[in-house]
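Below: the structure, in structure tokens.
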Amino acid sequence: MPKGPVVIKVSGKYVNPEKPGLVKRYAQVLHELHSVGYRLVVVVGGGPEARRYIEAARELGLGKSFQDILGIEASRLNARLLIYALHPNAYPEPPRSIWELLEAYSTGLIVVAGGFQPGQSTSGVAALVAEAIGAELLVLATTVDGVYTADPAVDKSAQLIPRLSYEEFRRVVRQSMSPGRYELLDPVAISIVERSNIPVRVVNGSDPENVKRVVLGEELGSLITG
């Protein structure tokens, strides 16, 4: 019997060509969840490669839209790397739109996506996908252990918040997030999960087992709900 569905947003810092061992571990965890019936969609960020391309585009004087397109293509390459690691249990192409994603999702295979369009973060994509497939949970596999009162990379006194509302989460993001460092959800993504009342679990993605643990129902990291 199918379980979920669950959307997992994985930082591009963990799924990229510089970390094949970690990509393999993510593939193993996703295989395990899929084998026991979970319907899964994974959205992968662009990571360091995207930032390199964006910086090069900036130095060339290219506009934000072109920078976004390069970042999207980097995220799609990361997604394709994970797809190949998941073969044959993953849909063979990273979808380019929500419609392509829904078609891929209908196959029952694990779907792995990157970015969709300029001006939209991969976190925004994950929120939109979670809404479109009626996800029971959105997991954010980030570079921190959960949601903190401040960016833990710059404020050593920052405290982990185990549970918070969407509005409290929005306030933390607005006041405490350092661009490019403390990866959570952007304001548009928060609005999407709030309007559809999708629970969001934030965990440290450096260990793929953390993702499996929260999908299986363990209390870990931070939980954002209505």
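Residue positions begin at 1 at the first shown residue.
Glycine is no exception: its Cβ is also placed from the backbone N, Cα and C atoms.
Taken from Swiss-Prot, the feature ATP binding site covers K9, V10, S11, G12, K13, G47, R51, T142, Y148, D151. As annotated by Swiss-Prot, UMP binding site applies to G46, D68, F116, Q117, P118, G119, Q120, S121, T122, with the evidence given as sequence analysis.
Scoring each of the binding-site residues (K9, K13, R51) by how many neighbouring Cβ atoms lie within 10 Å, the top position goes to K9. A Cβ within 8 Å of the Cβ centre of G46, D68, F116, Q117, P118, G119, Q120, S121, T122, the residues given for UMP, is found for these other residues of the same chain: G71, I72, G115, G124, V125.
Taking only the Cα positions, the spacing between R51 (ATP binding site) and T122 (UMP binding site) is 14 angstrom. Only G46, T122, from the binding-site residues G46, F116, P118, Q120, T122, place their Cα within 10 Å of the Cα belonging to S11 (ATP binding site). Each residue contributes its Cα atom, and for F116 (UMP binding site) and K13 (ATP binding site) those atoms are 19 Å apart. Ranking the binding-site residues G46, P118, Q120, T122 by the distance of their Cα atoms from the Cα of K9 (ATP binding site) places T122 first. Taking the Cα of Y148 (ATP binding site) as the reference point, the closest of the binding-site residues G46, P118, Q120, T122 is T122.
The Cβ of P118 (UMP binding site) lies under 8 Å from the Cβ of K64, S65, D68, I69, I72, each of which sits 6+ residues away along the same chain.
Proximity note: of the listed binding-site residues (G46, Q120, T122), G46 have a CA within 10 Å of the CA of K13 (ATP binding site), given in sequence order. When secondary structure is read from DSSP and collapsed to three states, R51 (ATP binding site) falls in the helix class. Cβ neighbour counts within 10 Å, taken over all protein chains shown, single out S11 as the most crowded of the binding-site residues S11, Q120.
Secondary structure at T122 (UMP binding site), taken from DSSP and collapsed to helix, strand or coil, is helix. Residue annotation for UMP gives G46, D68, F116, Q117, P118, G119, Q120, S121, T122. The furthest Cα pair among them is separated by 14 Å. Taking the Cβ of T122 (UMP binding site) as reference, residues of its chain lying under 8 Å away and at least six apart in sequence are, in sequence order, K9, G12, V43, V44, G45, G46, S75, G114, G115.
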